[in-house]
Amino acid sequence: MVRSLTLLRHGRTSYNAEGRFQGQVDVPLDELGEAQARAVGVHLAGSSTVSRIVSSDLRRAAQTAQALSDEADVAVEFDSALREISVGDWEGHTRDEVATMWPDELDAWLAGVDMRPPGGESRDESATRVHGAITRLVAESGADSDLVVVAHGAVIRGAAEMLLGMEHGEGRLGVLSNCTYARLSPGRDGWVLRSWEGGAESVALARPGEDATVVAAR
């Protein structure tokens with residue numbers, strides 16, 4: 001069992017900025033997202049121990065993981081099982097576009113129904129996939145290691161709820177903001193949530209083109 005588990009969401013992309021359903025489309029970080037990744041990399045490497053970094057293989061997560069790797073001097077490993085939920089035919093569309101083309105399906109999705117978007121997967125399916133990957137990575141890592149998993153908002157929330165023994169649809173956890181993290185540690189009766197939206201202050205100060213060490217020092 002690891003000493004700590006950090007679940008880090010990737011930085012901002014153009015799809016995030018435009019309010020598009022992203023899913024498994026391989027969108028890179030935008031300029032602000034790159035600045036956020038540098039800032040959270042400096043923050044995490046400077047405030048905690050990083051023993052292992054495992055990332056989704058989608059570029060937005062991989063770029064965020066590499067920014068942490070550069071600061072922590074720990075190589076990044078990639079695992080496709082950590083990818084974001086697939087929302088199928090909705091990917092690339094804005095909410096308004098989806099509301100026009102699939103109004104009933106979107107209403108059910110927004111109401112928290114565990115349904116599959118056309119051609120996609122359900123929240124429960126994606127959470128189970130990522131929960132399984134995280135459980136495997138934890139088992140592979142050393143007892144005194146500090147594992148950082150870099151992934152995506154929807155699946156981090158779903159997997160964290162499963163790790164914490166929450167029922168599907170309780171809605172007790174929100175979706176992490178870009179480049180913030182959840183930190184968990186093992187307790188006597190299971191996982192304990194130590195922080196949610198960690199790193200938010202450092203990331204909020206990030207500016208494109210700015211030295212992240214200056215941001216961290218503010």
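Quick reminder: no glycine exception, Cβ is built from N, Cα and C everywhere.
Going by what TrEMBL states, the substrate site holds ARG9, HIS10, GLY11, ARG12, THR13, SER14, TYR15, ASN16, and the candidate of ARG60, ARG83, ARG95, ARG116 recorded there is ARG60. In the three-state DSSP classification, ARG60 (substrate binding site) falls within a helix. Cα of ARG9 (substrate binding site) to Cα of GLU84 (active site, proton donor/acceptor): a span of 10 Å. According to DSSP, GLU84 (active site, proton donor/acceptor) is assigned to coil rather than to any helix or strand. Each of the recorded positions HIS10, TYR15, ARG60, GLU84 was assessed for Cβ neighbours inside 10 Å, and the highest tally belongs to HIS10. Considering only the binding-site residues ARG9, GLY11, THR13, the Cβ with the fewest other Cβ atoms within 10 Å is that of THR13.
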